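Input: a single structure, listed below in structure tokens.
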Amino acid sequence: MMSVLKKICGSKNSLKSFDNEVYQSIEKELQRQKSQLQLIASENFASKAVMEAQGSFLTNKYAEGYPGKRYYCGCEHVDKIESLAIERLCKLFGVKFANVQPHSGSQANQAVFASLLTPGDTILGLSLSCGGHLTHGAAPSLSGKWFKSIQYTVNKDTYLLNMDEIEKLALEHKPKLIIAGASAYPRKMDFKRFREIADKVGAYLLADIAHYAGLIAAGEYPSPAEYAHVMTSTTHKTLRGPRGGIVMTNDEALHKKIQSAVFPGLQGGPLMHVIAAKAVAFKEALAPEFKTYSKKVVENAKVLAQELQKHGLDIITGGTDSHIVLVDLRSQKLTGKDVVDSLERAGITCNKNSVPFDTAKPTITSGLRFGTAAETTRGLEAENFKEIAGLINEVIQGLISGNSSSVEKAVKAKVERICSNFPIY
């Protein structure tokens, strides 16, 4: 007897034959990724092994609960997979306990809030305009609505975190939770000092390492594992895995609270196909090659920042310690929106980004955020990033001179040449 799936999709059961519209859009996206330079700091190229796991039959399996304690039968194989993911993650970051079920970094943060806070509690996080994340207490986020959010900023001259000011705010407002983390801060964070401040006011310290996780795992960025009460992260970005979230801690009591907060507090059934992909990505990150890769990510970012500076562009904090490079366009009299649109037409994708104390709207901005993780995965070296810096400058100068159309066309041809020399998939 023919199965229902075969009746619906045909005997070949392929996406192309059943839904060519979706298939063509996926193919076009693949071609876009192949032919453009991806410099968005939160993006990377997952391996075929990661994507194979995520596209597996595990998408069919429902598995509410945790390994050995499921609410459904038939979970022996997914139990093994989730246990592997947890074991590998703990080894990767040197922690005792981990939850791999959060669907995203935002939900991982929400799980921590649900574990440690009650509505109305005070939290202290980095201002969105100075590089923080929405979930760190920004007004539009639930974290800014449920809790009394106090925001720390950066030094107005150096754009570096002012730890003395953070301590002053903590002593004044007595937060229950301090968040150390960012979505657009290129420099190292002093997690030891953050913990000292937290201890002075009896606060928990959450280290949101979503952007830096892969670099931390490889020893290329300071680890907060020794200092933070709890760590959260995404699993893509510099970890180069599937899109998802994780929570880690060395405190068993906190771990139990987090387990309950994730399930049944915030989520129902976990995405077992994504957890399998996470497990594969963690194994990749444990390999020696990942350390070499992460070292190159930071080296390439430093080169990109230095070369952009040579072209006369202002770099926030004067450089980078991570994969992130932030450009301040205010001296160029250009907006982030205008530049990213022009860069995209030239085959370079990045994102417009607010700079510290920006007066432009978030939909316009006065800056750019670049990241080197994806193109380093592709195989680009320092010399390639020197060339890319030149291409970025060409596009910016084209906007300034009013000759953007011809410049974009010329740069796009150069971008496609670079991409053809470094194929993906």
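In case you wondered, yes, glycine gets a Cβ from its N, Cα and C as well.
As recorded in Swiss-Prot:
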BINDING   L128, G132, H133, L134  (6S)-5,6,7,8-tetrahydrofolate binding site
SITE      H236  site 'Plays an important role in substrate specificity'
MOD_RES   K237  N6-(pyridoxal phosphate)lysine
Taking only the Cα atoms, work out how far H236 (site 'Plays an important role in substrate specificity') lies from G132 ((6S)-5,6,7,8-tetrahydrofolate binding site), in Å, as a whole number.
18
How big is the gap, in Å, between the Cα of L128 ((6S)-5,6,7,8-tetrahydrofolate binding site) and that of the residue listed as 'N6-(pyridoxal phosphate)lysine', rounded to a whole number?
19
CB contacts for L134 ((6S)-5,6,7,8-tetrahydrofolate binding site) [other CB atoms within 10 A, all chains]
16
List of residues, in chain order, with Cβ under 8 A from that of K237 (N6-(pyridoxal phosphate)lysine) and at least 6 apart:
A41, S42, E43, N44, A210, H211, A213, G214, A373
Give me the sequence-ordered set of same-chain residues, not including L128, G132, H133, L134, with a C-beta within 8 angstroms of the centroid of the (6S)-5,6,7,8-tetrahydrofolate site's C-beta atoms.
G125, L126, S127, G131, T135, H136, G137, A138, S141, A182, S183
Around the Cβ of L128 ((6S)-5,6,7,8-tetrahydrofolate binding site), how many other Cβ atoms lie within 10 Å? Please give the count over every shown protein chain.
23
Long-range same-chain neighbours of G132 ((6S)-5,6,7,8-tetrahydrofolate binding site), Cβ under 8 Å, sequence gap at least 6?
G125, L126, A138, Q151, I179, G181, A182, S183, Y185
